[in-house]
């Protein structure tokens with residue numbers, strides 16, 4: 001296991017750093033284009049003209065490649081908490097791109113979220129499973145669909161941080177579903193290049209993945225600071241992935257009253273970190289981010 005760790009740990013941390021850079025670059029670029037309505041593809045067209053956003057896309061591809069490498073050599077229980085460090089990396093890169101020092105409260109909030117999620121995954125200890133669907137996908141798909149719609153609904157009826165966190169929740173759910181189904185697609189690819197095209201999982205990935213990515217850009221554009229939104233995305237993504245692994249792929253998780261109590265406490269820590277980041281976002285004055293925000297008088301991209 002020693003050699004495997006020498007590959008998995010650096011790859012996971014480097015992948016998290018690139019994903020953090022990608023999020024920071026995309027968030028800054030999203031504030032430099034006219035505001036877009038939710039799920040308007042025109043936002044991607046506008047962002048595609050921004051070199052900084054394209055840098056974020058390159059970083060995203062590199063980060064995903066390193067994550068796949070890490071998961072190929074290390075167990076999920078080791079790699080997943082390391083990937084969550086994308087959150088503090090993003091906060092540092094966002095401060096660097098904005099020409100300011102990292103906010104100490106934001107740094108504290110990000111590490112609180114990382115600690116809570118790492119504790120939750122360590123307690124749950126998801127293991128086993130296969131690369132094929134072994135359970136009926138319907139019930140969990142319904143729950144996750146309702147959860148994503150709830151996030152979108154909150155983004156439509158709320159304003160300010162509530163709107164941003166609603167968009168982030170929907171994004172995280174779609175990202176988690178995409179990750180789970182990609183495991184199915186990867187398993188089918190080992191049977192032959194044509195096999196995925198005969199199964200619905202690939203087509204759902206092609207639909208859900210781009211929608212989740214577009215929502216993430218909406219989230220970055222609406223948020224005053226990157227940390228609160230990214231905290232929700234980074235937290236909900238692996239939690240949904242665990243649910244997909246257990247509910248669809250037959251993975252197992254630790255059980256018992258002690259484990260459940262620990263998971264509840266870990267979830268409370270995550271919520272506390274998100275609350276801290278959200279409160280800090282509200283406390284930031286508009287002038288502190290004037291260089292990266294869209295003025296209210298700017299046009300809104302419409303469908």
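Backbone N, Cα and C atoms are what each Cβ position is placed from, and that goes for glycine too.
Note that the structure is a prediction, hence the values are computed from the model and not measured.
What TrEMBL records for 6-30 (among others) is transmembrane segment.
Annotation comment: TrEMBL describes 51-71 (among others) as transmembrane segment.
Beyond its flanks by at least six residues, the transmembrane segment (77-98) meets 5, 8-9, 12-13, 15-17, 19-21, 23-25, 27-28, 52, 63, 67, 70-71, 106-107, 110-111, 113-114, 117-118, 121-122, 125-127, 225-227, 230-231, 234-235, 238, 241, 289, 291-292 of its own chain at Cβ-Cβ distances under 8 Å. Residues or ranges marked as transmembrane segment in TrEMBL: 77-98 (among others).
Among residues of the same chain six or more beyond the transmembrane segment (105-125), those with a C-beta under 8 A of the stretch's C-beta atoms are 77, 80-81, 84-85, 87-88, 91-92, 225, 227, 231, 234-235, 238-239, 242, 253-254, 259, 262-263, 265-274, 276-277, 280. For 105-125 (among others), the entry in TrEMBL reads transmembrane segment.
Within the chain, the transmembrane segment (137-157) has long-range Cβ neighbours (under 8 A, six or more residues past its boundaries) at 38, 163-171, 173-174, 176-177, 222, 240, 243-244, 247-248. TrEMBL lists 137-157 (among others) with the feature transmembrane segment.
Here the transmembrane segment (164-185) has Cβ contacts under 8 Å with residues 38, 131-133, 144, 147-156, 158, 196, 199, 201-202, 204-205, 208-209, 211-212, 215-216, 218-219, 222-224, 228-241, 243-245, 248-249, 274, 278, 281 of the same chain, all six or more residues outside its ends. For 164-185 (among others), the entry in TrEMBL reads transmembrane segment.
According to TrEMBL, the feature transmembrane segment maps to 197-215 (among others).
Taken from TrEMBL, the feature transmembrane segment covers 227-249 (among others). If one looks beyond the transmembrane segment (227-249) by at least 6 residues along the same chain, the residues whose Cβ comes under 8 Å of a Cβ in the stretch are 23, 80, 83-84, 86-87, 90-91, 94, 106, 109-110, 113, 116-117, 120-121, 124, 126, 129-135, 137, 139-140, 144, 161, 164-165, 167-169, 171-173, 175-177, 179-181, 183-184, 216, 219-220, 270, 273-274, 277-278, 280-281.
Residues 105-106, 108-117, 119-120, 123-124, 165, 225, 227-228, 231-232, 235 of the same chain sit 6 or more residues outside the transmembrane segment (255-277) yet have a Cβ under 8 Å from a Cβ within it. As annotated by TrEMBL, transmembrane segment applies to 255-277 (among others).
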